[in-house]
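Features reported for this protein in TrEMBL:
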{"type": "ACT_SITE", "residues": "81", "note": "active site, proton donor"}
{"type": "BINDING", "residues": "82, 177, 205", "note": "Zn(2+) 1 binding site"}
{"type": "BINDING", "residues": "103, 133", "note": "Zn(2+) 2 binding site"}
{"type": "BINDING", "residues": "178, 206, 207, 208, 227, 228, 229, 230", "note": "dihydroxyacetone phosphate binding site"}
Ligand code: 13P
């Protein structure tokens, strides 16, 4: 069933768990995520990026992701992730997404504030919630590559929240998007400080390949939404490779697709249990 982002994140904060926010790029990934969450009785955030939506077809993805969201027997937040294109974000709002993210984090502070306010006004008038990013989580996100602009500045985060009235705030504390992150060194003291001064639920991006104990520590310090993309892409690809190794002459999409779903489901369950959101639906 469709539910609201902020309310679920506040519940998670009280219960000291985080809700996994999974990106999907195809039907198999989406099914693996929903089935994992249903079997684990976990709330889940189902995320679509711009380029994933363009790949699947924007109208197709709107209709099948909304169907999955409404039909699931656990709370699902359908979330537009890393919106760069304001018109597309508004389209997701109009289509019935639960929440949208605007990513203007590489722009100057004032511009980020201005664009975030525009999206907040539009989305809130239609009952849709908004996440925005302050500081910049670099790496390979969607089809873009960028360097990290540095960690979130605490005073900017306070000011940003006050000016924009966002519902969730993505912060940069040492993660980066994509596969190759080098040695991850999360800034736990910075997180602690931001958490004590910002009231919006806090989000971390770029969480694939980050040791689960580190992510668990961020949860104990107040993170309530953890974004995972690459680990599920890899699980999907590994499912397909595994099936074709066993069936080199195989061709039935329903059979190799099933293996991809199973691999994605297994990986999603690992995250759900590690973040403590199982049995919280
Ligand atoms: P990873 O691909 O590094 O997990 O990052 C995903 C993400 O942050 C999506 O918003």
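Here the Cβ of each residue, glycine as well, is placed from N, Cα and C on the backbone.
TrEMBL does not curate its annotations; it predicts them automatically.
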**Prompt:** When the Cα of residue 178 (dihydroxyacetone phosphate binding site) is compared with the Cα of each of the binding-site residues 82, 103, 205, which one is closest?
**Reply:** 205
**Rounded Cα separation (Å) that holds between residue 227 (dihydroxyacetone phosphate binding site) and residue 81 (active site, proton donor)** = 9
**Request:** Can you tell me which of 81, 103, 133, 228, our recorded positions, come within under 6 Å of ligand 1 at the Cβ?
**Result:** 81, 228
**Cβ neighbours of residue 207 (dihydroxyacetone phosphate binding site) where a neighbour is any other Cβ within 10 Å** = 29
**Prompt:** So how many other Cβ atoms are close to residue 208 (dihydroxyacetone phosphate binding site), meaning within 10 Å of its Cβ?
**Reply:** 24
**Recorded dihydroxyacetone phosphate site residues 178, 206, 207, 208, 227, 228, 229, 230, farthest C-alpha pair in Å** = 11
**Complete:** Apart from the site residues 178, 206, 207, 208, 227, 228, 229, 230, the 8 Å Cβ neighbourhood of the dihydroxyacetone phosphate centroid comprises 23, 175, 177, 205, 209, 231
**Asked** Three states by DSSP: which one describes residue 230 (dihydroxyacetone phosphate binding site)?
**Response** helix
**Request:** Check residue 81 (active site, proton donor) against DSSP and tell me helix, strand or coil, would you?
**Result:** strand
**binding-site residues compared (227, 230) - the one with the fewest other Cβ atoms within 10 Å** = 230
**Request:** Out of 81, 82, 177, 207, give those recorded positions positioned within 10 angstroms of residue 133 (Zn(2+) 2 binding site), comparing C-alpha atoms, in sequence order.
**Result:** 82
**Message:** Using a 10 Å cut-off on CB atoms, tell me which of the binding-site residues 82, 177, 205 is the least crowded.
**Reply:** 177
**Message:** Using only C-alpha positions, which one of 103, 207, 229, 230 is spatially nearest residue 82 (Zn(2+) 1 binding site)? These are the binding-site residues in the record.
**Reply:** 103
**103, 177, 205 filtered to the binding-site residues whose C-alpha is within 10 Å of residue 229 (dihydroxyacetone phosphate binding site)** = 177, 205
